[in-house]
Each structure stands twice: as C-alpha cells, then as structure tokens.
Amino acid sequence: MAGFSKVIATIFLMMMLVFATGMVAEARTCESQSHRFKGLCFSKSNCGSVCHTEGFNGGHCRGFRRRCFCTRHC
C-alpha cells in the first residue's frame, strides 16, 4: 500500500510539472508609429525593415491611412 501511494504522488508531481511549464505568460507588446517610414504602408516586410533600423523588433501596417507601426516587447 505504501508503494502505491508513492506511485500516485510521483504521477501527481509529474503532472504538476508538465502543467506548470505549459502555462507561460506572453510578454506585452508595445508599439509606436515609425518616424522614418515614408508614404503609405502596404508591405509588412518593408515596414519591419524600417522598424529594425529604428531599434524595434518588427512592425506592421495598420489603420485607414496605412501607417507603419513598430513593435517591441515592453
């Protein structure tokens, strides 16, 4: 009987470990309008390239006026 409770406790501990490592919070993303991008933004890759030169992780086009917004982790 003592061996059975050790097995159950070990299984429970392993399940807790798996669930704890699976629940990782995602970092917040901050964004700022690009200061160097000129014209209308239609290409995410072009926007991202300009944002990289400004020190950001990436960028995307958004809004009715199609502006480039740079993104990074806060």
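Residue positions begin at 1 at the first shown residue.
Here the Cβ of each residue, glycine as well, is placed from N, Cα and C on the backbone.
Given the structure is predicted, the values throughout are model-derived calculations rather than measurements.
Record features, source Swiss-Prot:
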SIGNAL    1-27  signal peptide
DISULFID  C30-C74  disulfide bond
DISULFID  C41-C61  disulfide bond
DISULFID  C47-C68  disulfide bond
DISULFID  C51-C70  disulfide bond
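You'll find the Cα of C47 (disulfide bond) roughly 16 Å from the Cα of C30 (disulfide bond).
Per Cα geometry, C51 is the residue among the disulfide-bonded residues C41, C51, C61, C68 nearest to C74 (disulfide bond). Using C30 (disulfide bond) as the reference Cα, a 10 A cut-off selects C70 from the disulfide-bonded residues C61, C68, C70. Around C70 (disulfide bond), a 10 Å sphere centred on its CB holds 25 further CB atoms from the protein chains shown. Residue with the densest Cβ environment among the disulfide-bonded residues C30, C47, C51, C68, C74: C68, by other Cβ atoms within 10 Å. The shortest Cα-Cα distance from C41 (disulfide bond) to any of the disulfide-bonded residues (C51, C68, C70) is found for C68. It is 9 Å from the Cα atom of C70 (disulfide bond) to that of C61 (disulfide bond).
Around C61 (disulfide bond), a 10 Å sphere centred on its CB holds 17 further CB atoms from the protein chains shown. Cα of C51 (disulfide bond) to Cα of C61 (disulfide bond): a span of 11 Å.
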